[in-house]
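First the structure, in the form of structure tokens, and then the observations on it.
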């Protein structure tokens, strides 16, 4: 018998079975089309405040291990799947997905038609939703959802609270934590970088005081226009140091240079998004997770030029500065999870640092 339901703000109800924590949560309902990588999705801070629908029909079949987390504490509001595996099989598996969600206090629902839900989100756009007990009155929950205002301080919720010690030797890279994935740190350290992680609200003066050879701006959740402190910091360093922005970092650099952003109807979330480098003609398959994009037309009045576009919807996927060693991409070159087609961009960042140090 059904014991949990997903109720959307428009009154649509999906009845299913509970797994994970026995709690009720409200969030923005989104979908991800990746076939694997549910542990990385679960722990990606960019999903802060969201209820994530996984379109692949069977989730959890290789369990949860200690190595594949992208943050210390997952912050999604819920997980929606067609079928959840209760008996995972993998030599690294330490617990089931159900057990992991219970440990982190995250509710889940399975047994619903995730294809129907995804088609609805694709055609109507993402909406607020709530995972609740089957006993809850639908009209009451819908009324609560309509009154609910989703938080605007999402980057603050997931960013580091203080400056971290260095994690390596070599080129000094200040990593501005907007909701970073551990995979980004891993890529930098593997290239011999001395990585210093700083909070999102670190000032330009504080960043420059660390004497960085380069600055990287990470991924993160929410509306980029809410991150005003980060935008001001970027304005203060953009002509003084080599910069590489990823995802949220890409959007903030664009805003700092005078471009505009807008909310996508249903976002880009998955591990199979084709992106074209319009400078070289190269097409890469990328991992993506974002609900906002940079307005291409707004680049005309800035010192930025378009470098990458999405094949599927022709939206902006990358820019570079015309005067300074600054470039950004909307997708995730560190993958985790996803294809590694664009990991070479970390090498481009290192090359820019070296050229700027000469």
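Note that Cβ sites are derived from N, Cα and C of the backbone, with glycine treated the same way.
If you look up Swiss-Prot, you'll see 1-168 (among others) marked as region 'CPSase'.
Annotated region 'CPSase' per Swiss-Prot: 1-171 (among others), in sequence order.
Annotation source Swiss-Prot lists L-glutamine binding site at 46, 220, 222, 248, 251, 289, 291, 292. All chains included, 30 other C-beta atoms sit within 10 angstroms of the C-beta of residue 289 (L-glutamine binding site).
According to Swiss-Prot, the feature domain 'Glutamine amidotransferase type-1' maps to 172-358, an assignment based on sequence analysis.
Under DSSP, residue 247 (active site, nucleophile) is assigned to coil, being neither helix nor strand in the three-state scheme. Around residue 247 (active site, nucleophile), the C-beta neighbours below 8 angstroms that are at least 6 residues distant in the chain are 46, 218, 219, 220, 289, 290, 329, 330, 331, 332. Per Swiss-Prot, active site, nucleophile is recorded for 247.
Taken from Swiss-Prot, the feature active site applies to 332 (among others), supported by sequence analysis.
Under the heading active site, Swiss-Prot lists 334 (among others). Classification of residue 334 (active site) by DSSP places it in coil, neither helical nor stranded.
The Cα of residue 334 (active site) lies closest to that of 248, out of the binding-site residues 248, 251, 291. Around residue 220 (L-glutamine binding site), taking its Cβ as the centre, 31 other Cβ atoms fall within 10 Å, counting all chains. Maximum intra-site Cα distance, L-glutamine binding residues 46, 220, 222, 248, 251, 289, 291, 292: 13 Å. For the recorded L-glutamine site, residues 46, 220, 222, 248, 251, 289, 291, 292 set the reference point as the centre of their Cβ atoms, and the other residues of that chain within 8 Å of it by Cβ are 179, 219, 221, 223, 224, 247, 290.
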